[in-house]
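As written in Swiss-Prot, here are the features:
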type     : residues                                                   : note
ACT_SITE : Asp304                                                     : active site
BINDING  : His59, His61, Asp151, Asp304                               : Zn(2+) 1 binding site
BINDING  : His61, Leu62, Arg63, Asn93, Asn277, His308, Phe322, Gly323 : substrate binding site
BINDING  : Asp151, His178, His231                                     : Zn(2+) 2 binding site
Amino acid sequence: MNYLFKNGRYMNEEGKIVATDLLVQDGKIAKVAENITADNAEVIDVNGKLIAPGLVDVHVHLREPGGEHKETIETGTLAAAKGGFTTICAMPNTRPVPDCREHMEDLQNRIKEKAHVNVLPYGAITVRQAGSEMTDFETLKELGAFAFTDDGVGVQDASMMLAAMKRAAKLNMAVVAHCEENTLINKGCVHEGKFSEKHGLNGIPSVCESVHIARDILLAEAADCHYHVCHVSTKGSVRVIRDAKRAGIKVTAEVTPHHLVLCEDDIPSADPNFKMNPPLRGKEDHAALIEGLLDGTIDMIATDHAPHTAEEKAQGIERAPFGITGFETAFPLLYTNLVKKGIITLEQLIQFLTEKPADTFGLEAGRLKEGRTADITIIDLEQEEEIDPTTFLSKGKNTPFAGWKCQGWPVMTIVGGKIAWQKESALV
């Protein structure tokens, strides 16, 4: 099916929001201009809505295989499509881990069979993510690994991390890191700060993250490797990443929507839906994340979509697993709480969710260019809705944002020229 989207707005190559039509033919973007006419195309009047590149998320957890009670590739990618994401990168903390040919081939077959959006799987750095034996990077790359990570755990052995970075550099691949120094975790369930002290909970200190990042940055410099930092959360982490970039070290970084919108002061009680890793930090950390995003220290926004069952989250904040869902709330949360409040511009938000992650990892995504695959998201910036977890397509309903009123909701997502998800009656 060919589509002609009429009367929309998009961000042009100069970074300005302008009026446009957009023609999709044979799965490709055929033309982006005003007043397009075309035969043999279904006309969809978007009536002033934003025509954006499909959103790109480099940090997601789809749970399959091994955790299908939390999420599946089918439910997770449907949720991604509903959130406007057309390309997502799946972390390897599944069971089994994609750490060898057999496991990666099985995962790729599942993706091919079940995914509603583009899914790029990470390969594990170490076998079973156990930290002691390196995987076969060459084989995993051959089978389509997006990059290498042991996300969910930090690689504790510096010699292992250095060897991994050297091998990844030879393959022109990135090493992506969840940064925690295990000896500093302190059996914590929240940030070590006012909230942990008030509620008598073990806290995870900020330095647990930043000291690990500092170590890895020096290793990346020695290996001449692209090193990407997951879900930055502390002022100290922002500082060391900024210093590394100024020194010319190949480091990039991401931040989550929840760390941009919340800090520990916003946790109303010992509610497990506010338990994520890294935890919500202090006000100074939150301010540093915003500053880092604006000055280029932090390159992109990634959801760290981490679904869990209601039963798992009901165990209490000390026993419940870390993580919140992110696909279906990311854009409206960020648009409402950052763009509408004048903290960043709409153009910047689009870049942080599209071209910045795509360019960082060399993906042909993130821009509406003629000849490119038609991965597109239509967003109604005027639509206001209350976040209702019962309507999520994800199996995970674990969110701290239930009841929040937000503007800027995706209403249609196109993947490879086909409609992957559409809000009922939104574009009739």
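Note that Cβ sites are derived from N, Cα and C of the backbone, with glycine treated the same way.
Since this is a predicted model, take the numbers as computed values, not measurements.
Features as recorded by Swiss-Prot, highlighted on the structure.
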residue : record                 : DSSP class
Leu62   : substrate binding site : coil
Asn93   : substrate binding site : coil
Asp151  : Zn(2+) 1 binding site  : coil
His178  : Zn(2+) 2 binding site  : coil
Asn277  : substrate binding site : coil
Asp304  : active site            : coil
Phe322  : substrate binding site : coil
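Here the Cβ of Phe322 (substrate binding site) has 15 other Cβ atoms within 10 Å, regardless of which shown protein chain they belong to. Fewest other C-beta atoms within 10 Å: among the binding-site residues Arg63, His231, that description fits His231. Put simply, Asn277 (substrate binding site) is 13 Å from His61 (Zn(2+) 1 binding site) when counted between their Cα atoms. In terms of Cα spacing, the recorded positions His59, Arg63, Asn277, Asp304 that come within 10 Å of His231 (Zn(2+) 2 binding site) are His59, Asn277, Asp304. Among the binding-site residues Leu62, Asn93, His308, Phe322, Gly323, not one has its Cα within 10 Å of the Cα of His178 (Zn(2+) 2 binding site). If you check the binding-site residues Arg63, Asn93, Asn277, Phe322 against Asp151 (Zn(2+) 1 binding site), the ones with a Cα inside 10 Å of its Cα are Asn93.
Summarising the environment of Leu62 (substrate binding site), the number of other Cβ atoms within 10 Å of its Cβ, over all protein chains shown, is 31.
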